[in-house]
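A short write-up of the structure that comes next.
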Amino acid sequence: MALEKVETVVAGNYVEMEREEPNSDSIKTKFSNLFWHGGSVYDAWFSCASNQVAQVLLTLPYSFSQLGMVSGIIFQLFYGLMGSWTAYLISVLYVEYRTRKEREKVDFRNHVIQWFEVLDGLLGKHWRNIGLFFNCTFLLFGSVIQLIACASNIYYINDNLDKRTWTYIFGACCATTVFIPSFHNYRIWSCLGLVMTTYTAWYLTAASLIHGQVEGVKHSGPAKMVLYFTGATNILYTFGGHAVTVEIMHAMWKPQKFKLIYLIATIYVLTLTLPSASAVYWAFGDMLLNHSNAFALLPRTGFRDAAVILMLIHQFITFGFACTPLYFVWEKFIGVHDTKSMFKRAITRLPVVIPIWFLAIIFPFFGPINSTVGSLLVSFTVYIIPAMAHMMTFASPSARENAIERPPKFLGGWGGLYSMNIFVVVWVFIVGFGFGGWASMVNFIHQIDTFGVFTKCYQCPQHKV
């Protein structure tokens, strides 16, 4: 009976939120609904799929050269499923938190719920502080990576400017994301973003197969343990894009429908990443060990230039995805989150972009930085913390009895669910954070020793440096 009452409360509020959609028949309102005001299941799917595979599409062949073909495919499938599982856990905790708060008559219509607030409401301030630190640091460096990728890609179209200068330019361009209010407003962008990555993935596949294998191609991976675990953590990073799950759910009119969205998005993403990474590695083999961006090895054609331009636009979109939660945190910190003036919010958001810009100039190591962020930040942010938080939230018999979302039947109840969560925590801590952290830091330090910080043009031909 209690459960039925809770479901009524949840459903009632979601219907109320759905009524917030503009219901005018004016052309302006219809245009806004079509391109700007998103919140459906399809919007959430586009957001998840578009955000999950961005510049990493270009570094996965590099990871395959470190791992070898078989390990590369296995790790993609394995971490794809693991990422979908922890995204599901985050969605369960979001619904649990929101339901409890709505019982207390808390109104979220002018407030965006974030992951650290979910942890705070369910487990207390210590969990909130841990979640806030890892989530914000990961999203900060996630934004840095997108900015680095912009400079790395545009260089393959126009090398008259070095990559550092391009970073300055694209930093200014990406700063315009301060004017996008929330994930509600990424409807057209997330849709276009997925079209762009789909084109790029199949371009990489087709171009590599048409090009054929280079003369004397070698596929020696895995050759070194350092490279092996570096490649594995880049794939861990690839399928760890659900740090913005709570914000995407909150933008939905019916968040309880999110459960399987991330899994379906991951399945689609795998249809892009597996063929493209396999084909590029097949064609170029060990040459990729010194070329972390797949564009570097493909001959310049109109198709390649189109792919570069589309990826640049998509990286702008993904920068917004990663940075918007940081904007929210900053707004809440200085007390302007609830203001209705978008101009005022945009101006106060600008300081968030400055450290991102600066870090992208200091560490422009496209490829190696992905693995470092994956092992040290993604491992905790979207794998270990969600699994542990879920176990702690439902540790007591009463919490399990009153849980809004029951464990999937195929797991065999709470025992199976806890076993799965313990496996995730142990595996990611030992393999992702432990071995991956060691390998990625060794590789990252090697990049600093080789190129130095503030390097003007990372992995550019010598005559261009």
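Yeah, the Cβs are placed from backbone N, Cα and C, and that goes for glycine too.
Heads up, TrEMBL stuff is auto-annotated, nobody curated it.
Annotation comment: TrEMBL describes 37-414 as domain 'Amino acid transporter transmembrane'.
Non-local neighbours of the transmembrane segment (73-95) in the same chain are 10, 48, 60, 67, 113, 115, 118-119, 122, 231-232, 235-236, 238-242, 245-246, 249-250, 255-256, 258-260, 262-263, 266-267, 269-270, 273-274, 277-278, 382-383, 386-387, 389-390, 393, 404-405, 420-421, 424, 427-428; each lies 6+ residues outside the stretch with a CB under 8 Å from one of its CB atoms. Look at TrEMBL and you will find 73-95 (among others) tagged as transmembrane segment.
Under the heading transmembrane segment, TrEMBL lists 132-154 (among others). Here the transmembrane segment (132-154) has long-range neighbours at 54-55, 58, 114-116, 163-164, 166-167, 170-171, 173-174, 243-244, 293, 295, 308, 311-312, 315-316, 318-319, 322-323, 325-326, 329, 355-357, 359-360, 363-366, 369-370, 373, 377-378, 380-382, 385, 458, meaning same-chain residues at least 6 beyond its ends whose C-beta is under 8 angstroms from one of its own.
Taken from TrEMBL, the feature transmembrane segment applies to 166-184 (among others). Beyond the ends of the transmembrane segment (166-184), by six or more residues, the same chain brings 36-39, 47, 112, 143, 146-148, 150-151, 154-155, 244, 247-248, 250-251, 312, 316, 319-321, 323-324, 327-328, 342, 345-347, 349-350, 352-353, 356-357, 360-361, 364 to within a C-beta distance below 8 angstroms of the stretch.
What TrEMBL records for 191-214 (among others) is transmembrane segment.
Beyond the ends of the transmembrane segment (226-248), by six or more residues, the same chain brings 44, 47-48, 51-53, 56, 59-60, 62-67, 71-72, 75-76, 79-80, 82-84, 86-87, 90-91, 94, 112-115, 118, 135, 138-139, 142, 182-183, 258, 262, 266, 269, 273, 289, 321-322, 324-325, 328, 367-368, 370-375, 378-379, 381-383, 428, 431-432, 435-440, 442-443 to within a C-beta distance below 8 angstroms of the stretch. Among the features that TrEMBL reports, transmembrane segment is placed at 226-248 (among others).
The transmembrane segment annotation in TrEMBL covers 260-284 (among others).
Annotation comment: TrEMBL describes 306-330 (among others) as transmembrane segment.
Counting same-chain residues at least six beyond the ends of the transmembrane segment (350-367), those with a Cβ under 8 angstroms from any Cβ of the stretch are 55, 59, 62, 140-141, 143-145, 147-149, 151-152, 163-164, 167-168, 171, 174-175, 178, 234, 292-293, 323, 326-327, 330, 444, 447-448, 451, 453-455, 458-459. Sequence annotations record features per position, and here TrEMBL assigns transmembrane segment to 350-367 (among others).
The transmembrane segment annotation in TrEMBL covers 373-395 (among others).
The transmembrane segment annotation in TrEMBL covers 416-439 (among others).
Sequence-distant contacts of the transmembrane segment (260-284) (same chain, six or more residues past either end, CB-CB distance under 8 Å): 41, 44-45, 48-49, 52-53, 57, 60-61, 63-65, 69, 72-73, 76-77, 80-81, 83-84, 87-88, 91, 197-198, 200-202, 204-205, 208-209, 211-214, 217, 219, 238-239, 242, 245, 291, 294, 297.
Within the chain carrying the transmembrane segment (191-214), a Cβ under 8 angstroms from the stretch's Cβ atoms is held by residues 46, 49-51, 53-54, 57-58, 61, 272-273, 275-276, 279-280, 282-285, 287, 294, 298-299, 301, 303-304, 306-307, 310-311, 313-314, 317-318, all 6 or more beyond its ends. Long-range contacts of the transmembrane segment (306-330) within the same chain, counting only residues at least 6 positions beyond its ends with a Cβ under 8 Å from a Cβ of the stretch, are 47, 50-51, 54-55, 57-58, 112, 114, 116, 132, 135-136, 139-140, 142-143, 146-147, 149-150, 153-154, 156-157, 170, 173-174, 177-178, 180, 182-183, 186, 189-190, 192-193, 196-197, 199-200, 203-204, 243-244, 247, 295, 337, 345, 348-349, 351-353, 356.
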